[in-house]
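Engineer: I have a structure here, written as structure tokens, and I will follow up with some questions on it.
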Amino acid sequence: MGRREEMIAKIKELMLQPERIRNIGIAAHIDHGKTTLSDNLLAGAGMISEELAGKQLVLDFDEQEQARGITINAANVSMVHNYEGKDYLINLIDTPGHVDFGGDVTRAMRAIDGVIIVVDAVEGVMPQTETVVRQALREYVKPVLFINKVDRLIRELKLTPQQMMERFSKIIMDVNRLIQRYAPEEYKKQWMVKVEDGSVAFGSAYYNWALSVPFMKRTGVKFNEIIDLTLKGDHKTLRQKAPLHVVVLDMVVKHLPNPIEAQKYRIPHLWQGDINSDVGQAMLNCDPKGKMVMVVTKIIIDKHAGEVATGRVWSGTVKSGQEVYLINTKRKARIQQVGIYMGPERINMEAVPAGNIVAVTGLRDAMAGETVAEEPIEPFEALHYVSEPVVTVAIEAKNVKDLPRLIEALRQLAKEDPTLHVKIDEETGQHLLSGMGELHLEVKLYKLKKDWGIDIDVSEPIVVYRESITKPSPMVEGKSPNRHNRFYIVVEPMPDEIYNAIKEGIIPEGRIKNPKEVAKKLAELGMDYEIARGIVDVYNGNMFLDNTKGVQYLNEVMDLLIDGFHQAMDEGPLAKEPVMKVIVRLIDAQVHEDNVHRGPAQIYPAIRTAIHCAMMKSNPVLYEPYQKVIINIPYEYMGAVSREITQRRGQLVDMKQEGEVMTIIAEAPVAEMFGFAGAIRSATSGRALWSTEHAGFKRVPNELAQQIIRQIRQRKGLDPNPPTEKDVCPLF
């Protein structure tokens, strides 16, 4: 039996023993060495050859990732590790560190129970580190810490052991501060990382060595020996004395939970259904004999197998030929092939039980985040994405005959990556693709050209603005065209506390199932409890409340009212841009008794016009997306960089100096950031290292707002003059 067959046999055996499984991820700031770490773990576990690891970047198997040297898609690999005489199956999901791909990180967190946080010893904890730690803890994922690139402290910065220890302590303190801030109450203390118990390891993923206190105690290897070998450049001996994969995977097995342990506390948090039901108990106990439930975390399109859905099996067993329900899309499907991962390749299996990461084909309508089950159940909570699409490009096929394929290609892209939004502009016939940043869209468009071979014209990137209001409106009446239905509403600006609670997932998006509980939370955030009890729907950071008393037939049209509310929020009155931070309250209504007179054609315009008219009476304003920019540069380029930022309406938020290196943190409007990459490169002769992340929305200065509204309206083929209250409010 060859090495490969042995490995497959071992994986088959271990996947049936959930206490021997660890589902983990690696998360870090861009370029802190995450993919190099995962490759060297794979090599150590015998999945790829050692010489290639680190240079090979197995997980970056998309040619774009290898060209750009960053990880774009979270891929999954499995490996076997022996700890204290027992074999363990470790499923490792690699996640991107670049902010434009934050959606992948969020989805991967759903499938894993533990995460290795990688921090560069030279740079320390960075903004993106904070983002990934927050995402992990929000999904109840337990962290351990790997401090990487320690060789640079020894060789480049020439620090003494004492200085290095100080550097490590600071990083550990910073990470623990994040855990303290974001971990669930009951785990704030328990999940702190400590050098003494081995939940912290440090080393060099590139040179393939690592140390932890338990490893040093067990083997007698001293830190000073490692320093000497590093200074001599004897990497081979280093690798043999302190092999990276042994130290890191030992830490994983010892400190990160198996699926049986993890599901006990994760399921009640991630799943909204009844924990005491049969399926609830099966998931709590990770029971392979229960009803099958899995959550899809990623869809990839494979040239041979078609759509492959990767996901986590929470209970039961996934078998080929099984008939399943896709809960969110409300469709049935039949599972065709079932497999698990070995390295990056999929190995077909007959069946895969609870606690594993599975790859299946046959779920044609599934999207990432879909709950797949043997029978209809409550879906898992919606995935929370950290940022939202802020940049749009318009796409047209150069050749008209490619149009049907372009539509199909865009549909597939949006399925693979739910953080992409695809919209067809009915008026111009253009396809609008919105993403989380310039790089995100660039990568997706490259994929579209390469995988589908379609020639396309792409517009300059356009920023997605938001519309909002600054004061409460008076009561406004909306009438249906047949005048038989009337709705009386007011709109109010949403307080920041409530908006942030929605963004952090404390207040759920979508139709509200348990208004009393949500009202309690809203009351804690300062809303009047009596008003809050009327909460019906939360949509893209806006809220719809029913504060009527005893209106007949209102329930019959509530779904239509919510649809109309969504339409009004998708396109605001100023420039048809999405609306944010608006609370719409229905105060009173008259609804016709005969449902012929209260269909969509009557209700939609009534509620939509009323909301837009009320917004025009509430001092409507435009918001624009901002980016946080983190730049590392040699000290002498300080002036050039701050000029570059202030020219772009940006502000410096913070500056830190370590040795010769300055770290500048700034915020600037996305609209001004196009072409920043080239500008910063020439301003610093290519010496700047920089990354960006979404920094929310800020109000557009008044002197620019009118001009921007005109530009947006012109681009959309509307009358360029900004509308007045008279234009929007009907003359009833």
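A Cβ is built for glycine as well, from the same backbone N, Cα and C atoms used for every other residue.
When I checked Swiss-Prot for this same protein, it listed these features:
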type    : residues              : note
DOMAIN  : 19-260                : domain 'tr-type G'
BINDING : 28-35, 94-98, 148-151 : GTP binding site
MOD_RES : His597                : diphthamide
Engineer: So how many other Cβ atoms are close to Ala28 (GTP binding site), meaning within 10 Å of its Cβ?
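Structural biologist: The answer is 27.
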Engineer: Do you know the mean pLDDT across the domain 'tr-type G' (19-260)?
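Structural biologist: Per the prediction, mean pLDDT sits at 80 for the domain 'tr-type G' (19-260).
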Engineer: If you skip the near sequence neighbours and keep only those at least six away, which residues in the chain come within under 8 angstroms of the residue listed as 'diphthamide', Cβ to Cβ?
Structural biologist: Asn482, His484, Asn485
Engineer: Which of the three DSSP-derived classes (helix, strand, coil) applies to Val150 (GTP binding site)?
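Structural biologist: Its secondary structure by DSSP: helix.
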Engineer: Neighbour count, 10 Å Cβ-Cβ cut-off, for Val150 (GTP binding site): what number do you get?
Structural biologist: 27
